[in-house]
Amino acid sequence: MSPESKKLFNILILGIAFMFMFTAFQTCGNVAQTVIRSLNSTDFHGSGYTSMAIIYGVFSASNLITPSVVAIVGPQLSMFASGLFYSMYIAVFIQPFPWSFYTASVFIGIAAAVLWTAQGNCLTINSDEHTIGRNSGIFWALLQSSLFFGNLYIYFAWQGKTQISESDRRTVFIALTVISLVGTVLFFLIRKPDAENVLGEDESSDDQDLEVNESAQNNMTKAVDAFKKSLKLCVTKEMLLLSITTAYTGLELTFFSGVYGTCIGAINKFGTEEKSLIGLSGIFIGIGEILGGSLFGLLSKNNRFGRNPVVLLGILVHFIAFYLVFLNMPGDAPIAPVEGTDSSAYITPSKEVAIFCSFLLGLGDSCFNTQLLSILGFLYSEDSAPAFAVFKFVQSICAAVAFFYSNYLLLHWQLLVMVIFGFLGTVSFFTVEWEAAAIVARGSDYRSI
């Protein structure tokens with residue numbers, strides 16, 4: 001196998017492994033609050049929202065230490081160990097207890113930070129400046145396809161069910177645990193690439209030998225330097241402005257990945273399909289994500305108008321979605337009891353409108369995330385690791401806050417928070433993009449991430 005073929009093979013395995021793991025985890029996150037509502041009538045008392053708040057809170061803090069962990073252990077073992085913790089979290093739902101549920105939430109928060117740092121490292125060492133765009137696209141498409149499979153299973157398995165029985169819950173979560181473990185084991189198929197022409201690495205064999213022989217003390221020095229660089233980036237004008245946009249992506253990530261499916265599952269007027277519609281909603285979020293990401297990924301290299309039109313489309317699509325959700329869903333849907341809600345909003349709840357909103361939420365999210373990754377890669381091409389660490393830190397801390405307030409706020413207040421941050425985030429992104437365009441006008445080129 002040629003060196004280039006080996007690297008492409010590694011990217012495919014990386015994407016397929018993540019597809020299996022996140023087929024399990026994203027399906028788990030989508031149905032967690034609905035399942036826990038069914039459990040809360042028993043001895044178990046917990047909240048899926050609180051669990052996700054813990055996960056994202058720990059995830060944000062752990063981003064500060066994970067680069068040194070991956071540097072010492074290596075990306076392959078880091079991803080394998082993280083995958084075991086993901087599987088453990090899913091397995092907790094087979095026979096849940098409050099202490100094991102929240103303890104697993106803490107561990108998976110740490111594991112998530114290690115996993116995504118290792119993923120970025122693995123993607124980088126298997127790419128060069130000519131293939132990083134292609135490889136990122138392959139990985140992203142495989143990752144987002146995970147939204148289809150698990151949710152498709154939920155749609156058919158829970159068809160006609162208004163309550164989730166113990167047998168239903170165990171069957172689903174045993175299957176999801178096995179799927180996650182399959183993805184975890186696949187990491188061992190990733191082969192060590194040839195050292196030459198790796199993005200971000202010096203081609204000199206002397207430098208490579210020096211890097212292999214670096215001491216743990218030097219690794220720690222590097223980690224401290226990266227941490228200092230991240231702190232310096234946090235207070236730059238561009239990063240402060242982009243942090244508002246990033247904060248919005250954290251809020252809307254919480255909404256479409258956890259809150260919206262819970263709302264659909266709580267509306268009794270959807271009849272016997274209310275639980276299976278959660279799966280269908282996840283599928284259409286995935287369709288929106290993949291359509292948007294693929295379209296804007298293909299257009300990015302030949303886009304004469306910059307990133308602003310895509311972000312503008314994203315916020316318009318989200319505002320339409322929020323307005324339709326406001327009209328279609330009762331305000332108490334996110335915090336309804338196990339029996340669900342019989343309330344109505346301004347129109348009779350419509351399954352078709354609910355699923356269309358799922359598609360719009362996914363499409364709008366892809367608009368923001370593709371353009372944020374692109375502008376970060378352009379502005380911080382020399383310091384990409386600290387820049388993306390700051391991006392993940394802000395996004396995950398806002399997701400944690402949003403999952404926390406989802407326990408208490410009615411739907412219309414949650415929508416209002418997202419509308420305000422969405423508007424401010426769009427304006428701040430426009431400001432940074434105009435500055436980036438000025439850099440290009442002075443003679444620099446956009447760089448592919």
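Glycine is no exception: its Cβ is also placed from the backbone N, Cα and C atoms.
For the transmembrane segment (7-26), same-chain residues at least 6 beyond its ends with a Cβ under 8 Å from one of its own Cβ atoms are 1, 79, 83, 86-87, 89-90, 119, 122-123, 126-127, 131, 135, 138-139, 141-143, 145-147, 149-151, 176-177, 179-180, 182-184, 186-187, 189-191, 193, 257, 282. Taken from TrEMBL, the feature transmembrane segment covers 7-26 (among others).
What TrEMBL records for 46-65 (among others) is transmembrane segment.
Per TrEMBL, the feature transmembrane segment maps to 100-118 (among others).
Within the same chain, residues 11-12, 14-16, 18-24, 26-28, 30-31, 119, 123, 164, 168, 171-172, 175-176, 179, 275-283, 285-286, 289-290, 293-294, 297, 362 sit at least 6 positions outside the transmembrane segment (138-158) and bring their C-beta atoms closer than 8 Å to a C-beta of that stretch. Among the features that TrEMBL reports, transmembrane segment is placed at 138-158 (among others).
Taken from TrEMBL, the feature transmembrane segment applies to 170-190 (among others).
Sequence-distant neighbours of the transmembrane segment (239-257) (same chain, 6+ residues past either end, Cβ-Cβ under 8 Å): 26, 29-30, 52, 56, 233, 285, 311, 318, 358, 361-362, 364-365, 368-369, 372, 375-376, 387, 390-391, 394-399, 401-403, 406, 414, 417-418, 421-422, 424-426, 428-429, 431-432. According to TrEMBL, the feature transmembrane segment maps to 239-257 (among others).
Sequence-distant contacts of the transmembrane segment (277-298) (same chain, six or more residues past either end, CB-CB distance under 8 Å): 26-27, 30-31, 34, 133, 137, 140-141, 144-148, 150-156, 158, 256, 260-262, 264-265, 270, 310, 351, 354-356, 358-367, 369-371. Annotation comment: TrEMBL describes 277-298 (among others) as transmembrane segment.
Beyond its flanks by at least six residues, the transmembrane segment (310-329) meets 245, 252, 260, 263-264, 267, 296, 303, 345-347, 349-350, 353-354, 356-357, 360-361, 363-368, 370-371, 411-412, 415, 418-419, 422-423, 425-426, 429-430, 433 of its own chain at Cβ-Cβ distances under 8 Å. The annotation transmembrane segment is assigned in TrEMBL to 310-329 (among others).
The annotation transmembrane segment is assigned in TrEMBL to 411-432 (among others).
The stretches the transmembrane segment (100-118) and the transmembrane segment (170-190) do not meet in space: the count of Cβ pairs below 8 angstroms, excluding pairs fewer than 6 apart in sequence, stays at fewer than three. Long-range contacts of the transmembrane segment (46-65) within the same chain, counting only residues at least 6 positions beyond its ends with a Cβ under 8 Å from a Cβ of the stretch, are 29, 32-36, 39-40, 96, 98, 101-102, 105-106, 108-110, 112-114, 117, 223, 227, 230, 250, 254, 258-259, 262, 389, 392-394, 396-397, 399-401, 403-404, 406-407.
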